Amino acid sequence: MAIGVLLFVPFVALSYRRRGGLTFGRSLLWIAALIYFCAIWTYTLFPLPDPDHLVCVGTNTDLWQAVRDVEGARDRGRPFTDPATLQLALNVLLFVPLGVFIRVLGGRGLPTALIAGAGVSLFVETTQVTGMWWIYDCAYRVFDVDDLVTNTAGAVLGSIMALVVPRRMRGMSKRPGSDVASPVSKSRRIVGVWCDVLAAAMLSALVSVSVQLWLEYVVDDRAAVLSGELAAVVGGAVPAVVWLVVIAGTGRSIGDLCVELEYRGGPLPVALLRVVRFCSSIGMYYALTLLPDPYDAAAWGFAAIALILLVFSRHGKGLPSLLSGASLVDSRPDSPADDGASVTQQ
């Protein structure tokens, strides 16, 4: 979940720049890819053993031992149900999705699938044989050289299977028309706001934790760490300043930039419009959190008003449009040759 939150903002920004927007099918594929990589990590390394009851395991460096085990299963008259056969098949199947994702999402073919499959498998096996990079005194999962072969074969097989996907649906190449304006919808505006909220929250958390670590290990001020006041102030001030600088320079918040939106027109001059845009952004929320108690409660009132207007205003224009009278528009031109106009929602 945490990885998904970290990747959401860059994923949205990249999707709008390379593909022209978000689509349900492609978003679902990226979510599936995220779940897949988390599953690979979990399946190969967990559960973690208790260090006090650690049981060390050996390694298999005998290449093709898995094949000989399958041949033995055939001689025993159960070639399809023997654990050796099932293990080999599952090791292949485990990496098939990797090859599919590399071709469909990355637009890369067999060589990349082979290298990626071998690389990911080698990383996993090395992590196992080193006891999770020497966190444990010895390996608690078996290193098997045959896994490198079967995993790589699975990635190559997945890449071949993905050839059935039409070429126009593959890769991250720039889609024709992705740099042309499209109608502004409420859902698009909500995605932009969500990008603002997540980006500001992650920045605030990172800054707050950094301040706490600095107080703990550099300044050695335990009282300041326990109070958390300095971390709260700096953690609120930094997002406010960052959003102020971005909006002053571009007229758009980070979320607006991600989804290619901007507020344009209205009775206000550009400089004042940018002031209003900041005062109606997540940056203003963090600025209000810096007020002394009980006035900092104004931040929650501001957030509630902004949310209500976002949900119930036409096209999600929200608080910025109400305060400035500006129109919410797509920041891209209406056509490749038109650098001035864009699709507007009044």
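The backbone N, Cα and C atoms fix where each Cβ goes, and this holds for glycine too.
Where the annotation comes from TrEMBL, it is an automatic prediction and has not been curated.
The structure displayed is predicted, hence computed values, not measured ones.
Residues or ranges marked as domain 'VanZ-like' in TrEMBL: 34-164. The DSSP breakdown of the domain 'VanZ-like' (34-164) into helical (H, G, I), extended (E, B) and coil residues amounts to 91 helix, 4 strand, 36 coil.
Within the chain carrying the transmembrane segment (27-46), a Cβ under 8 angstroms from the stretch's Cβ atoms is held by residues 3-4, 7, 11, 15, 94, 97-98, 101, 104-105, 120, 124, 127-128, 132, 141, all 6 or more beyond its ends. Summarising the annotation, TrEMBL assigns transmembrane segment to 27-46 (among others).
Residues or ranges marked as transmembrane segment in TrEMBL: 88-106 (among others). Residues 26, 29-30, 32-33, 36, 40, 43, 66-67, 69-70, 112-113, 116-117, 120-121, 146-147, 150-163, 165, 169-172 of the same chain lie 6 or more positions beyond the ends of the transmembrane segment (88-106) yet place their CB under 8 Å from a CB of it.
The transmembrane segment annotation in TrEMBL covers 113-136 (among others). Counting only same-chain residues 6+ beyond the ends of the transmembrane segment (113-136), those with a CB under 8 A from a CB of the stretch are 40, 44-45, 48-49, 51, 54, 59, 95, 98-99, 102-103, 142-145, 147-148, 151-156, 158-159.
Among the features that TrEMBL reports, transmembrane segment is placed at 148-165 (among others).
Same-chain residues lying 6+ beyond the ends of the transmembrane segment (193-215) with a Cβ under 8 Å from its Cβ atoms: 5-6, 8-9, 12-13, 221, 224-225, 228, 230-232, 234-236, 238-239, 242-243, 253-256, 258-259, 281-283, 285-286, 310, 316, 318. Annotation comment: TrEMBL describes 193-215 (among others) as transmembrane segment.
As annotated by TrEMBL, transmembrane segment applies to 230-250 (among others).
Residues or ranges marked as transmembrane segment in TrEMBL: 271-291 (among others). Outside the transmembrane segment (271-291), and at least 6 residues removed from its termini, the chain residues within Cβ reach (under 8 Å) are 193, 196-197, 200, 204, 232-233, 236-237, 239-244, 247-248, 251-253, 255, 263, 298-299, 302-303, 306, 318-320, 323-324, 326.
The transmembrane segment annotation in TrEMBL covers 297-313 (among others).
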Mean predicted confidence [pLDDT] for the domain 'VanZ-like' (34-164):
86
